[in-house]
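Novice: The domain 'Core-binding (CB)' feature in Swiss-Prot is assigned to 51-146; the stated evidence is sequence analysis. Per Swiss-Prot, the feature domain 'Tyr recombinase' maps to 167-378. What Swiss-Prot records for Arg202, Lys236, Arg331, His354 is active site, and it gives sequence analysis as the kind of evidence. The active site, O-(3'-phospho-DNA)-tyrosine intermediate feature in Swiss-Prot is assigned to Tyr364; the stated evidence is sequence analysis.
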Amino acid sequence: MITDVWKYRGKSTGELRSSVCYAIKTGVFDYAKQFPSSRNLEKFGEARQDLTIKELAEKFLALKETEVAKTSLNTYRAVIKNILSIIGEKNLASSINKEKLLEVRKELLTGYQIPKSNYIVTQPGRSAVTVNNYMTNLNAVFQFGVDNGYLADNPFKGISPLKESRTIPDPLSREEFIRLIDACRNQQAKNLWCVSVYTGVRPGELCALGWEDIDLKNGTMMIRRNLAKDRFTVPKTQAGTNRVIHLIKPAIDALRSQMTLTRLSKEHIIDVHFREYGRTEKQKCTFVFQPEVSARVKNYGDHFTVDSIRQMWDAAIKRAGLRHRKSYQSRHTYACWSLTAGANPAFIANQMGHADAQMVFQVYGKWMSENNNAQVALLNTQLSEFAPTMPHNEAMKN
């Protein structure tokens with residue numbers, strides 16, 4: 001039986017057979033074009049041209065679910081959702097060409113975006129880094145379509161990434177940090193930002209920090225988990241998982257102060273999700289920082305969220321009269337202050353959860369070179385105490 005026979009009911013079976021045989025003989029036969037509704041298309045690995053970009057993206061995301069962590073999957077979904085709103089989710093994937101992709105990239109780079117709840121958008125568009133990330137995710141969708149026979153070609157061929165300028169850290173100065181702490185409305189907020197700045201932990205790690213992870217007697221703090229969106233996960237990087245942070249005195253003092261507020265509070269049993277799909281572990285956690293201690297309203301949770309910490313930072317920055325920065329600059333402040341104090345970059349990388357010092361050099365390289373005078377002054381102070389001086393007589397002979 002010939003598939004799609006109704007399409008060809010004006011032709012005899014013999015005529016159809018002759019035209020198909022001739023197309024095969026001359027090398028121009030296209031099974032998918034000749035029989036677009038055939039059940040054999042998938043068997044023969046023929047490209048389907050009828051998937052919308054939304055349908056293709058949904059197939060891609062469905063298979064990604066077991067490959068990546070849920071936080072990464074949510075990022076994929078959010079990015080693709082934003083892109084589809086520009087492309088038009090009902091457009092056929094096969095209709096998207098290079099010109100359309102360049103239009104999408106331009107819109108991402110220069111157009112207005114809808115901000116998340118309580119987020120501050122200071123200017124239209126997105127950074128080149130963000131746009132390149134969006135386009136990389138979209139490229140993965142199209143490549144998935146090619147690899148699995150849904151598309152004949154990837155329209156991303158020949159499109160190069162936008163040139164990126166590396167983000168320069170914008171740490172707080174010591175005077176600004178004092179003003180920030182003074183602007184905090186309660187002791188818990190003061191303690192939280194002291195711990196953040198003097199340890200360099202990520203905001204999500206700060207939210208998930210438990211007293212079970214802290215050993216003030218030995219001056220250490222273990223980072224075992226992270227809060228990502230609505231669930232606990234292991235820290236962002238493998239190197240950052242179960243890392244031991246060696247606490248300096250200001251951090252210890254802040255934790256001792258916080259101990260009086262939350263150390264004897266309720267212990268929770270929480271589910272921590274690992275990188276491996278479907279694997280979780282129950283952990284005991286008495287949260288170090290708790291909204292209940294300083295909440296003005298009753299609809300608080302057992303722990304802070306990354307958004308609530310960011311709002312706390314924004315409010316304190318505004319009250320202190322400081323130039324607006326993102327709360328992640330507290331982490332950069334730790335790194336920059338530590339480098340100025342002469343700490344080994346490898347030690348800083350370990351404290352911050354990086355695999356090696358390469359990330360420290362990449363992120364803070366320019367900042368480090370701008371502080372050469374401070375480094376020379378540091379060396380003069382430290383080395384002058386024990387470095388031998390050249391004898392004057394020997395110097396005269398030479």
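A Cβ is built for glycine as well, from the same backbone N, Cα and C atoms used for every other residue.
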Novice: Which whole number is the mean pLDDT over the domain 'Core-binding (CB)' (51-146)?
Specialist: 87
Novice: Tell me the Cα distance separating His354 (active site) from Arg202 (active site), rounded to the nearest angstrom.
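Specialist: Given the Cα positions, Arg202 (active site) is 12 Å from His354 (active site).
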Novice: Count, for each of the active-site residues Lys236, His354, the other C-beta atoms lying within 10 angstroms of its own C-beta, and report the residue with the smallest count.
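Specialist: Comparing Cβ neighbours within 10 Å for the active-site residues Lys236, His354, Lys236 has the fewest.
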Novice: According to DSSP, does Arg202 (active site) fall in a helix, a strand, or coil?
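Specialist: Once the DSSP labels are grouped into three classes, Arg202 (active site) ends up as coil.
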Novice: Just how many other Cβ atoms lie inside 10 Å of the Cβ on Tyr364 (active site, O-(3'-phospho-DNA)-tyrosine intermediate)?
Specialist: 22
Novice: How many whole Å apart are the CA atoms of Arg331 (active site) and Tyr364 (active site, O-(3'-phospho-DNA)-tyrosine intermediate)?
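Specialist: So the Cα of Tyr364 (active site, O-(3'-phospho-DNA)-tyrosine intermediate) lies 12 Å away from that of Arg331 (active site).
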Novice: Within 10 Å of the Cβ of Arg202 (active site), how many other Cβ atoms can be counted across all chains shown?
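Specialist: For Arg202 (active site), the 10 Å Cβ neighbour count is 22.
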